[in-house]
Amino acid sequence: QCQLNGLWRNDQDSLMEISVLRDNGDFQGQYLTRVTLSGGCAQISPVKGVQQQLREEGWPTFAFTVRWDKFSNATTAFVGQCFVDAGGKEMLTTTWLLREAVGSLEDDWKATR
């Protein structure tokens, strides 16, 4: 079974560390992104999320947000599932949405990636 706590690396070489995983499924940690909207250097941002509690063996689903408040006016929400491959390696698969702040309702169409 997958354990979300620990250090994770994505295909863009960013790192996420989940350091606190509570019994109710809530978790927190930090995200070190190598990809920034401004093209700047890597920054650490807070992660908060929740893991679906499983009653039996299985692959847990989860959701978390990253607040990029130290270097960007954006927030990203991730949803995903944890799997273990045939070789025993834990892997997270996710889909994400990034929301940037825009100055007007007319610009709302270009605020989400």
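Note that the numbers count up from 1, one per residue, in the order the chain is shown.
Note that Cβ sites are derived from N, Cα and C of the backbone, with glycine treated the same way.
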### Summary
Among the candidates Cys2, Cys41, the one bonded to Cys82 through a disulphide according to TrEMBL is Cys2
### Residue, out of the disulfide-bonded residues Cys2, Cys82, whose Cβ gathers the largest set of other Cβ atoms within 10 Å
Cys82
